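Report on the structure given below.
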Amino acid sequence: MRIGIGFDVHPLKKGETLILGGVHIQGEYGLAGHSDADVLTHALMDAILGAMGEADIGYHFPDTDPSYRGISSLKLLKKVYNMMKPRGFSIGNIDLIIMAQSPKLSPYYNKIKENYTRILQLDSSRINIKATTTENLGFVGREEGIAAQAAVLLIDTKEGDINAG
């Protein structure tokens with residue numbers, strides 16, 4: 001078994017689209033970034049890559065590469081999944097936290113889970129999503145940005161041993 005942790009932050013910007021877990025969330029502000037700025041999916045990809053010992057998304061999908069400009073982070077997640085499977089890993093579980101002062105995100109959890117279960121080929125019971133505010137503290141509290149954190153447990157299916165890898 002291997003554990004990976006991912007973290008990402010993007011600034012909020014008026015007129016941008018807010019995308020979390022591949023879901024478009026209506027609002028006046030969205031996240032700015034080189035790709036679609038899906039902070040939740042970025043944290044998830046970093047957690048999976050970290051558990052595999054494969055650096056981070058900046059290494060694999062650099063923002064200096066114009067081919068990633070505006071790309072859906074779900075497409076990048078599929079690429080990460082395609083790196084993971086041939087190496088004999090499967091996902092044990094995923095735990096995600098979104099840090100945002102607003103909007104209320106719980107109505108979107110099921111759609112986010114649907115996106116992730118489709119791409120990662122796992123049951124939705126293996127994915128947990130939660131959101132929290134920072135009680136108006138820091139850049140999240142001032143609504144300057146949104147942060148996300150992910151923890152992932154990978155199981156080495158080739159070894160079948162809890163100490164594998």
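Glycine is treated like the rest: Cβ placed from N, Cα and C.
Taken from Swiss-Prot, the feature divalent metal cation binding site applies to Asp8, His10, His42, supported by sequence analysis. All protein chains included, His42 (divalent metal cation binding site) registers 28 other Cβ atoms within 10 Å of its own Cβ.
The 4-CDP-2-C-methyl-D-erythritol 2-phosphate binding site feature in Swiss-Prot is assigned to 8-10, 34-35, 56-58, 61-65, 132-135, Phe139, Arg142; the stated evidence is sequence analysis. If you draw a 10 Å sphere around the CB of Thr133 (site 'Transition state stabilizer'), it holds 13 other CB atoms from the protein chains shown.
Taken from Swiss-Prot, the feature site 'Transition state stabilizer' covers His34 (among others). In the three-state DSSP scheme, His34 (4-CDP-2-C-methyl-D-erythritol 2-phosphate binding site) falls into the coil class.
Residues or ranges marked as site 'Transition state stabilizer' by Swiss-Prot: Thr133 (among others).
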Among the recorded positions listed here (Asp8, His10, Thr133), which has the Cα closest to the Cα of His34 (4-CDP-2-C-methyl-D-erythritol 2-phosphate binding site)? His10
Rounded to an integer, what is the Cα-Cα distance in Å between Pro62 (4-CDP-2-C-methyl-D-erythritol 2-phosphate binding site) and Asp8 (divalent metal cation binding site)? 15
From the recorded positions Asp8, His10, His42, Thr133, pick the residue whose C-alpha lies nearest to the C-alpha of Ile57 (4-CDP-2-C-methyl-D-erythritol 2-phosphate binding site). His42
